Amino acid sequence: MLYHFLYPLSQDISGFNIFRYITFRTFVAFLIATIFSIIWGQIFITFMKRKQFGQVVREDGPQSHLKKAGTPTMGGIVIIGTIFFAMLFCANFTSIPVLVTLGVTLSYFILGFIDDYLKVLKKNSDGISAKGKLLWQFATALLAGYFLIDQGIIDTKLYMPFVKGPVLDMGWFYVLFIGVVVVGSSNAVNLTDGLDGLAIGPIITSAASLGIIAYAAGHKEIASYLFIPYVENIGELMVISAAIIGAGVGFLWYNSYPAQVFMGDVGSLSLGGNLGIVAVLTKSEILFVIIGGIFVVEALSVILQVASYKTRKKRIFKMAPIHHHFELKGWPEPKVIVRFWIISIFLAMFAIATLKMR
Ligand code: 57M
(Lines of atoms letter the chains of each structure in order from A; the text may use other names.)
(Lines give C-alpha, C1' and ligand atoms only; values in the text may rest on other atoms or scores of the structure.)
Protein backbone atom coordinates (compact mmCIF):
# COMPACT_ATOMS: atom_id res chain seq x y z
CA MET A 1 0.00 0.00 0.00
CA LEU A 2 2.81 2.39 0.89
CA TYR A 3 4.40 2.06 -2.54
CA HIS A 4 1.25 1.90 -4.63
CA PHE A 5 -1.02 4.38 -2.83
CA LEU A 6 1.17 6.76 -0.79
CA TYR A 7 4.23 7.20 -2.99
CA PRO A 8 2.14 8.59 -5.92
CA LEU A 9 0.90 11.31 -3.53
CA SER A 10 4.47 12.57 -3.26
CA GLN A 11 3.64 14.94 -6.11
CA ASP A 12 1.67 16.98 -3.59
CA ILE A 13 3.20 15.85 -0.29
CA SER A 14 6.97 15.70 -0.90
CA GLY A 15 7.62 13.73 2.30
CA PHE A 16 5.75 10.74 0.78
CA ASN A 17 8.68 10.30 -1.59
CA ILE A 18 10.21 8.18 1.17
CA PHE A 19 7.77 5.33 0.35
CA ARG A 20 9.68 4.80 -2.89
CA TYR A 21 12.80 3.67 -1.08
CA ILE A 22 13.37 -0.07 -0.60
CA THR A 23 15.40 0.62 2.56
CA PHE A 24 12.52 2.51 4.18
CA ARG A 25 9.93 -0.14 3.28
CA THR A 26 12.36 -2.81 4.51
CA PHE A 27 12.48 -1.19 7.94
CA VAL A 28 8.70 -0.76 8.07
CA ALA A 29 8.15 -4.39 7.00
CA PHE A 30 10.45 -5.58 9.80
CA LEU A 31 8.62 -3.45 12.39
CA ILE A 32 5.12 -4.48 11.28
CA ALA A 33 6.11 -8.17 11.10
CA THR A 34 7.76 -8.23 14.53
CA ILE A 35 4.87 -6.52 16.35
CA PHE A 36 2.13 -8.38 14.44
CA SER A 37 3.69 -11.85 14.94
CA ILE A 38 4.17 -11.34 18.69
CA ILE A 39 0.54 -10.27 19.13
CA TRP A 40 -0.92 -12.89 16.78
CA GLY A 41 1.40 -15.59 18.16
CA GLN A 42 -0.07 -15.39 21.65
CA ILE A 43 -3.64 -15.47 20.29
CA PHE A 44 -2.77 -18.47 18.08
CA ILE A 45 -1.18 -20.46 20.93
CA THR A 46 -4.19 -19.84 23.19
CA PHE A 47 -6.55 -20.94 20.41
CA MET A 48 -4.57 -24.12 19.59
CA LYS A 49 -4.36 -25.05 23.29
CA ARG A 50 -8.08 -24.56 23.77
CA LYS A 51 -8.76 -26.77 20.74
CA GLN A 52 -6.07 -29.23 21.91
CA PHE A 53 -4.45 -29.19 18.45
CA GLY A 54 -1.01 -30.34 19.58
CA GLN A 55 2.04 -32.11 18.27
CA VAL A 56 2.05 -35.90 18.12
CA VAL A 57 5.55 -37.00 19.18
CA ARG A 58 6.98 -40.26 17.84
CA GLU A 59 8.04 -42.84 20.41
CA ASP A 60 11.24 -43.70 18.54
CA GLY A 61 12.75 -40.27 18.98
CA PRO A 62 14.94 -39.03 21.81
CA GLN A 63 13.16 -39.73 25.12
CA SER A 64 13.57 -36.06 26.05
CA HIS A 65 11.06 -35.22 23.32
CA LEU A 66 8.19 -37.22 24.76
CA LYS A 67 7.31 -34.36 27.13
CA LYS A 68 6.78 -32.17 24.06
CA ALA A 69 3.65 -34.07 23.06
CA GLY A 70 0.66 -31.75 22.81
CA THR A 71 2.72 -28.62 22.14
CA PRO A 72 0.69 -26.48 19.73
CA THR A 73 2.06 -26.71 16.20
CA MET A 74 1.29 -25.13 12.77
CA GLY A 75 2.78 -21.89 14.06
CA GLY A 76 3.89 -21.41 10.46
CA ILE A 77 0.40 -20.00 9.88
CA VAL A 78 1.40 -17.02 12.05
CA ILE A 79 4.82 -16.67 10.38
CA ILE A 80 3.59 -16.79 6.78
CA GLY A 81 0.39 -14.88 7.59
CA THR A 82 2.53 -12.14 9.14
CA ILE A 83 4.84 -12.01 6.12
CA PHE A 84 1.92 -11.57 3.74
CA PHE A 85 0.34 -8.98 6.07
CA ALA A 86 3.57 -6.93 6.15
CA MET A 87 3.96 -7.27 2.39
CA LEU A 88 0.43 -5.89 1.93
CA PHE A 89 1.77 -2.57 3.32
CA CYS A 90 5.36 -2.60 2.05
CA ALA A 91 5.67 -4.60 -1.16
CA ASN A 92 6.08 -3.34 -4.69
CA PHE A 93 3.74 -5.75 -6.45
CA THR A 94 4.96 -4.69 -9.90
CA SER A 95 8.18 -6.60 -9.16
CA ILE A 96 7.97 -10.03 -10.82
CA PRO A 97 10.62 -11.49 -8.46
CA VAL A 98 8.41 -10.46 -5.51
CA LEU A 99 5.31 -12.04 -7.08
CA VAL A 100 7.12 -15.29 -7.94
CA THR A 101 8.66 -15.52 -4.46
CA LEU A 102 5.29 -14.98 -2.77
CA GLY A 103 3.71 -17.49 -5.17
CA VAL A 104 6.20 -20.26 -4.34
CA THR A 105 5.88 -19.48 -0.63
CA LEU A 106 2.09 -19.67 -0.83
CA SER A 107 2.13 -22.96 -2.76
CA TYR A 108 4.40 -24.61 -0.18
CA PHE A 109 2.33 -23.04 2.61
CA ILE A 110 -0.80 -24.78 1.25
CA LEU A 111 1.10 -28.09 0.92
CA GLY A 112 2.37 -27.86 4.49
CA PHE A 113 -1.04 -26.80 5.81
CA ILE A 114 -2.76 -29.84 4.26
CA ASP A 115 0.01 -32.13 5.60
CA ASP A 116 -0.23 -30.71 9.12
CA TYR A 117 -4.04 -30.64 9.01
CA LEU A 118 -4.12 -34.37 8.24
CA LYS A 119 -1.46 -35.19 10.87
CA VAL A 120 -2.47 -32.86 13.70
CA LEU A 121 -6.13 -32.00 13.29
CA LYS A 122 -7.36 -35.25 11.67
CA LYS A 123 -4.89 -37.33 13.73
CA ASN A 124 -3.85 -39.15 10.53
CA SER A 125 -0.19 -39.40 11.50
CA ASP A 126 1.11 -39.94 7.94
CA GLY A 127 -0.22 -36.80 6.35
CA ILE A 128 0.46 -36.45 2.63
CA SER A 129 2.71 -39.20 1.17
CA ALA A 130 6.38 -38.34 0.62
CA LYS A 131 5.87 -38.87 -3.14
CA GLY A 132 2.84 -36.56 -3.19
CA LYS A 133 4.78 -33.85 -1.34
CA LEU A 134 7.74 -34.11 -3.73
CA LEU A 135 5.44 -33.97 -6.76
CA TRP A 136 3.76 -30.79 -5.48
CA GLN A 137 7.13 -29.23 -4.58
CA PHE A 138 8.76 -29.99 -7.91
CA ALA A 139 5.70 -28.92 -9.93
CA THR A 140 5.73 -25.53 -8.19
CA ALA A 141 9.49 -25.05 -8.49
CA LEU A 142 9.72 -26.14 -12.15
CA LEU A 143 6.77 -23.91 -13.10
CA ALA A 144 8.37 -20.93 -11.35
CA GLY A 145 11.75 -21.72 -12.95
CA TYR A 146 10.30 -22.05 -16.44
CA PHE A 147 8.38 -18.77 -16.06
CA LEU A 148 11.43 -16.84 -14.81
CA ILE A 149 13.58 -17.99 -17.73
CA ASP A 150 10.83 -17.71 -20.36
CA GLN A 151 10.11 -14.12 -19.23
CA GLY A 152 13.83 -13.29 -19.22
CA ILE A 153 13.76 -12.33 -15.51
CA ILE A 154 16.93 -14.39 -14.91
CA ASP A 155 19.43 -16.04 -17.26
CA THR A 156 20.43 -19.72 -17.28
CA LYS A 157 23.99 -19.06 -16.19
CA LEU A 158 25.48 -20.47 -12.98
CA TYR A 159 27.57 -18.22 -10.72
CA MET A 160 29.99 -19.33 -7.97
CA PRO A 161 31.44 -17.52 -4.97
CA PHE A 162 35.02 -16.21 -5.46
CA VAL A 163 34.61 -16.34 -9.26
CA LYS A 164 33.96 -13.28 -11.42
CA GLY A 165 31.30 -13.90 -14.07
CA PRO A 166 29.33 -17.09 -14.85
CA VAL A 167 31.05 -20.50 -14.68
CA LEU A 168 28.50 -22.31 -16.87
CA ASP A 169 25.46 -21.71 -19.06
CA MET A 170 23.06 -24.57 -18.23
CA GLY A 171 20.47 -23.73 -20.85
CA TRP A 172 17.07 -25.26 -20.08
CA PHE A 173 18.70 -27.72 -17.65
CA TYR A 174 18.76 -24.70 -15.36
CA VAL A 175 15.01 -25.20 -14.80
CA LEU A 176 15.76 -28.67 -13.37
CA PHE A 177 18.52 -27.14 -11.28
CA ILE A 178 16.04 -24.60 -9.92
CA GLY A 179 13.76 -27.48 -8.93
CA VAL A 180 16.56 -29.22 -7.03
CA VAL A 181 17.56 -26.00 -5.22
CA VAL A 182 14.02 -24.99 -4.17
CA VAL A 183 12.77 -28.50 -3.25
CA GLY A 184 16.08 -29.35 -1.56
CA SER A 185 15.96 -26.16 0.52
CA SER A 186 12.35 -26.75 1.53
CA ASN A 187 13.00 -30.31 2.71
CA ALA A 188 16.31 -29.46 4.37
CA VAL A 189 14.60 -26.78 6.48
CA ASN A 190 11.86 -29.28 7.28
CA LEU A 191 14.40 -31.82 8.55
CA THR A 192 16.20 -29.13 10.58
CA ASP A 193 13.01 -28.18 12.40
CA GLY A 194 13.44 -30.77 15.16
CA LEU A 195 14.53 -28.72 18.23
CA ASP A 196 13.09 -25.56 19.82
CA GLY A 197 14.13 -22.61 17.64
CA LEU A 198 16.63 -24.68 15.68
CA ALA A 199 15.14 -23.93 12.26
CA ILE A 200 14.01 -20.32 12.73
CA GLY A 201 17.50 -19.17 13.73
CA PRO A 202 19.22 -20.13 10.46
CA ILE A 203 16.08 -19.02 8.56
CA ILE A 204 16.58 -15.52 10.00
CA THR A 205 20.32 -15.43 9.22
CA SER A 206 19.72 -16.83 5.72
CA ALA A 207 16.97 -14.30 4.99
CA ALA A 208 19.26 -11.50 6.19
CA SER A 209 22.13 -12.61 3.91
CA LEU A 210 19.92 -13.20 0.88
CA GLY A 211 18.18 -9.86 1.50
CA ILE A 212 21.50 -8.00 1.42
CA ILE A 213 22.56 -9.88 -1.72
CA ALA A 214 19.21 -9.06 -3.37
CA TYR A 215 19.68 -5.35 -2.61
CA ALA A 216 23.20 -5.41 -4.07
CA ALA A 217 22.16 -7.44 -7.14
CA GLY A 218 19.29 -5.05 -7.82
CA HIS A 219 21.54 -1.98 -7.73
CA LYS A 220 23.44 -1.56 -11.05
CA GLU A 221 26.44 0.27 -9.60
CA ILE A 222 26.84 -2.03 -6.56
CA ALA A 223 26.36 -5.15 -8.70
CA SER A 224 29.05 -4.13 -11.16
CA TYR A 225 31.41 -3.01 -8.35
CA LEU A 226 31.04 -6.45 -6.71
CA PHE A 227 31.07 -8.34 -10.02
CA ILE A 228 27.71 -9.96 -9.16
CA PRO A 229 24.97 -10.40 -11.78
CA TYR A 230 22.52 -7.50 -11.96
CA VAL A 231 18.86 -8.63 -11.81
CA GLU A 232 16.31 -5.89 -12.47
CA ASN A 233 13.87 -5.13 -9.63
CA ILE A 234 15.42 -7.85 -7.44
CA GLY A 235 16.16 -5.37 -4.65
CA GLU A 236 12.50 -5.53 -3.67
CA LEU A 237 13.18 -9.01 -2.24
CA MET A 238 14.96 -7.30 0.67
CA VAL A 239 11.49 -6.18 1.84
CA ILE A 240 10.36 -9.83 1.94
CA SER A 241 13.55 -10.78 3.80
CA ALA A 242 12.83 -8.11 6.41
CA ALA A 243 9.28 -9.44 6.81
CA ILE A 244 10.69 -12.96 7.29
CA ILE A 245 13.17 -11.69 9.91
CA GLY A 246 10.44 -9.80 11.77
CA ALA A 247 7.99 -12.72 11.66
CA GLY A 248 10.83 -15.07 12.63
CA VAL A 249 11.80 -12.95 15.64
CA GLY A 250 8.16 -12.80 16.72
CA PHE A 251 7.80 -16.58 16.31
CA LEU A 252 11.06 -17.18 18.22
CA TRP A 253 9.53 -15.21 21.12
CA TYR A 254 7.36 -18.33 21.65
CA ASN A 255 9.38 -21.07 19.92
CA SER A 256 12.50 -20.51 22.04
CA TYR A 257 13.28 -23.30 24.50
CA PRO A 258 11.05 -24.57 26.06
CA ALA A 259 8.84 -24.05 22.98
CA GLN A 260 5.22 -22.99 23.44
CA VAL A 261 4.61 -23.63 19.71
CA PHE A 262 6.18 -25.43 16.74
CA MET A 263 6.06 -24.06 13.19
CA GLY A 264 4.83 -27.29 11.59
CA ASP A 265 5.37 -28.33 7.99
CA VAL A 266 3.21 -25.32 7.08
CA GLY A 267 6.11 -23.17 8.26
CA SER A 268 9.23 -25.21 7.47
CA LEU A 269 8.27 -26.23 3.93
CA SER A 270 7.14 -22.72 2.93
CA LEU A 271 10.08 -20.86 4.49
CA GLY A 272 12.54 -23.35 2.99
CA GLY A 273 10.92 -22.91 -0.42
CA ASN A 274 11.07 -19.14 -0.01
CA LEU A 275 14.81 -19.18 0.76
CA GLY A 276 15.41 -21.51 -2.20
CA ILE A 277 13.62 -19.37 -4.78
CA VAL A 278 15.27 -16.18 -3.45
CA ALA A 279 18.67 -17.88 -3.81
CA VAL A 280 17.76 -18.66 -7.44
CA LEU A 281 16.46 -15.14 -8.17
CA THR A 282 19.62 -13.56 -6.76
CA LYS A 283 21.79 -15.99 -8.79
CA SER A 284 23.41 -17.18 -5.55
CA GLU A 285 22.43 -20.87 -5.40
CA ILE A 286 25.98 -22.08 -4.68
CA LEU A 287 26.57 -19.29 -2.16
CA PHE A 288 23.30 -20.39 -0.52
CA VAL A 289 24.98 -23.75 0.25
CA ILE A 290 27.27 -21.71 2.56
CA ILE A 291 24.53 -19.39 3.87
CA GLY A 292 22.21 -22.32 4.66
CA GLY A 293 25.07 -24.56 5.74
CA ILE A 294 23.16 -25.81 8.78
CA PHE A 295 20.30 -26.96 6.54
CA VAL A 296 22.79 -28.66 4.19
CA VAL A 297 24.55 -30.51 7.04
CA GLU A 298 21.22 -31.61 8.53
CA ALA A 299 20.01 -33.01 5.20
CA LEU A 300 23.38 -34.61 4.43
CA SER A 301 23.41 -36.32 7.84
CA VAL A 302 20.11 -38.03 6.97
CA ILE A 303 21.28 -39.06 3.49
CA LEU A 304 24.53 -40.49 4.86
CA GLN A 305 22.76 -42.25 7.76
CA VAL A 306 20.15 -43.88 5.52
CA ALA A 307 22.75 -44.86 2.89
CA SER A 308 25.06 -46.31 5.55
CA TYR A 309 22.27 -48.26 7.22
CA LYS A 310 20.99 -49.60 3.91
CA THR A 311 24.42 -50.65 2.65
CA ARG A 312 26.29 -51.60 5.87
CA LYS A 313 23.45 -52.06 8.39
CA LYS A 314 25.45 -49.58 10.51
CA ARG A 315 24.64 -46.05 11.60
CA ILE A 316 27.16 -43.20 11.26
CA PHE A 317 25.36 -40.97 13.77
CA LYS A 318 23.64 -41.98 17.00
CA MET A 319 20.52 -40.62 15.25
CA ALA A 320 19.87 -38.42 12.23
CA PRO A 321 19.30 -35.57 11.59
CA ILE A 322 22.53 -34.55 13.28
CA HIS A 323 20.88 -32.41 15.98
CA HIS A 324 19.57 -35.65 17.53
CA HIS A 325 23.11 -37.08 17.44
CA PHE A 326 24.37 -34.27 19.70
CA GLU A 327 21.30 -34.66 21.95
CA LEU A 328 22.06 -38.36 22.39
CA LYS A 329 25.71 -37.47 23.08
CA GLY A 330 24.41 -35.63 26.15
CA TRP A 331 24.36 -32.02 24.93
CA PRO A 332 21.37 -30.24 26.53
CA GLU A 333 18.85 -29.15 23.85
CA PRO A 334 19.49 -25.38 24.33
CA LYS A 335 23.23 -25.93 23.86
CA VAL A 336 22.69 -27.74 20.52
CA ILE A 337 20.35 -24.96 19.37
CA VAL A 338 22.54 -21.98 20.29
CA ARG A 339 25.69 -23.60 18.89
CA PHE A 340 23.88 -24.18 15.57
CA TRP A 341 22.77 -20.53 15.64
CA ILE A 342 26.37 -19.38 16.22
CA ILE A 343 27.51 -21.41 13.21
CA SER A 344 24.66 -19.93 11.12
CA ILE A 345 25.64 -16.37 12.04
CA PHE A 346 29.25 -17.08 11.07
CA LEU A 347 28.22 -18.65 7.74
CA ALA A 348 25.94 -15.70 6.94
CA MET A 349 28.70 -13.15 7.65
CA PHE A 350 31.26 -15.17 5.68
CA ALA A 351 28.89 -15.43 2.69
CA ILE A 352 28.47 -11.64 2.62
CA ALA A 353 32.25 -11.23 2.89
CA THR A 354 32.73 -13.44 -0.18
CA LEU A 355 30.89 -10.82 -2.27
CA LYS A 356 34.07 -8.77 -2.09
CA MET A 357 36.34 -11.76 -2.74
CA ARG A 358 35.97 -12.15 -6.51
C1 57M B 1 10.49 -33.20 10.11
N2 57M B 1 9.91 -33.13 12.39
C3 57M B 1 10.30 -33.29 13.77
C4 57M B 1 7.10 -29.99 14.35
C5 57M B 1 7.89 -29.18 13.38
C6 57M B 1 13.82 -39.64 6.90
C7 57M B 1 13.81 -39.08 8.29
C8 57M B 1 15.09 -38.41 8.64
C9 57M B 1 12.63 -38.11 8.45
C10 57M B 1 12.64 -37.39 9.76
C11 57M B 1 11.30 -36.67 9.95
O12 57M B 1 10.36 -37.27 10.35
N13 57M B 1 11.32 -35.39 9.67
C14 57M B 1 10.09 -34.60 9.80
C15 57M B 1 11.02 -33.14 11.49
C16 57M B 1 9.10 -33.01 14.70
O17 57M B 1 8.73 -31.63 14.46
C18 57M B 1 7.47 -31.42 13.89
O19 57M B 1 7.66 -31.34 12.47
C20 57M B 1 7.64 -29.95 12.10
C21 57M B 1 8.70 -29.68 11.06
N22 57M B 1 8.38 -30.39 9.88
O23 57M B 1 7.41 -27.85 13.29
O24 57M B 1 5.73 -29.76 14.18
C25 57M B 1 9.57 -33.17 16.14
O26 57M B 1 10.68 -32.29 16.34
C27 57M B 1 10.63 -31.75 17.65
N28 57M B 1 10.61 -30.28 17.57
C29 57M B 1 11.00 -29.58 18.69
N30 57M B 1 10.98 -28.22 18.63
C31 57M B 1 10.59 -27.51 17.50
O32 57M B 1 10.59 -26.25 17.51
O33 57M B 1 11.36 -30.17 19.71
C34 57M B 1 10.20 -29.64 16.43
C35 57M B 1 10.20 -28.27 16.36
C36 57M B 1 8.51 -32.71 17.13
C37 57M B 1 9.37 -32.33 18.32
O38 57M B 1 9.71 -33.50 19.04
O39 57M B 1 7.61 -33.77 17.40
C40 57M B 1 10.81 -34.70 13.98
O41 57M B 1 11.91 -34.84 14.50
O42 57M B 1 10.06 -35.62 13.57
N43 57M B 1 12.81 -38.30 10.84
C44 57M B 1 13.46 -37.89 11.89
O45 57M B 1 13.90 -36.77 12.02
C46 57M B 1 13.72 -38.98 12.92
N47 57M B 1 15.01 -39.56 12.56
C48 57M B 1 15.16 -40.84 12.17
O49 57M B 1 14.23 -41.60 12.08
N50 57M B 1 16.45 -41.18 11.89
C51 57M B 1 16.78 -42.54 11.44
C52 57M B 1 16.92 -42.60 9.92
C53 57M B 1 15.55 -42.45 9.24
C54 57M B 1 17.82 -41.48 9.43
C55 57M B 1 18.13 -42.91 12.02
O56 57M B 1 18.85 -42.01 12.54
O57 57M B 1 18.50 -44.10 11.91
C58 57M B 1 13.81 -38.37 14.28
N59 57M B 1 12.59 -37.66 14.60
C60 57M B 1 11.61 -38.23 15.35
N61 57M B 1 11.76 -39.41 15.83
N62 57M B 1 10.49 -37.51 15.62
C63 57M B 1 14.10 -39.43 15.26
C64 57M B 1 12.88 -40.24 15.55
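Note that Cβ sites are derived from N, Cα and C of the backbone, with glycine treated the same way.
Predicted automatically and left uncurated, TrEMBL annotations should be read as such.
What TrEMBL records for this protein:
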| type | residues | note |
| --- | --- | --- |
| TRANSMEM | 27-48 | transmembrane segment |
| TRANSMEM | 69-89 | transmembrane segment |
| TRANSMEM | 95-114 | transmembrane segment |
| TRANSMEM | 134-153 | transmembrane segment |
| TRANSMEM | 173-191 | transmembrane segment |
| BINDING | Asn190, Asp265 | Mg(2+) binding site |
| TRANSMEM | 198-217 | transmembrane segment |
| TRANSMEM | 237-254 | transmembrane segment |
| TRANSMEM | 261-280 | transmembrane segment |
| TRANSMEM | 286-309 | transmembrane segment |
| TRANSMEM | 336-355 | transmembrane segment |
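Taking Cβ-Cβ distances under 8 Å and a sequence separation of 6 or more, the neighbours of Asn190 (Mg(2+) binding site) in its chain are Asp265, Ser268, Leu269, Gly272.
For the transmembrane segment (336-355), same-chain residues at least 6 beyond its ends with a Cβ under 8 Å from one of its own Cβ atoms are 161-162, 195-198, 201-202, 205-206, 208-209, 212-213, 216, 226, 228, 257, 287, 290-294, 323, 326-327. Put simply, of 95-114, 134-153, 198-217, 237-254, 261-280, the stretch with the most CB pairs closer than 8 A to the transmembrane segment (27-48) is 237-254. Long-range contacts of the transmembrane segment (286-309) within its own chain (CB-CB distance under 8 A, at least 6 residues past either end) are made by residues 158-161, 181, 184-185, 187-189, 191-192, 202, 205-206, 209-210, 213, 272, 275-276, 279, 315-317, 319-323, 325, 340, 343-344, 347-348, 350-351, 354. The stretch from 69-89, 95-114, 134-153, 173-191, 237-254 with the most CB pairs below 8 A to the transmembrane segment (198-217) is 237-254. Take the CB of Asp265 (Mg(2+) binding site) and look out to 10 A: across all protein chains shown you find 29 other CB atoms.
Using the rule of three or more Cβ pairs under 8 Å, pairs at least 6 apart in sequence, the transmembrane segment (69-89) is not in contact with the transmembrane segment (173-191).
Sequence-distant contacts of the transmembrane segment (95-114) (same chain, at least 6 residues past either end, Cβ-Cβ under 8 Å): 74, 76-77, 80, 83-84, 87, 127-128, 133, 136-137, 140-141, 144, 147-148, 151, 153, 182, 186, 231, 233-234, 236-237, 239-240, 264-274, 276-278, 281.
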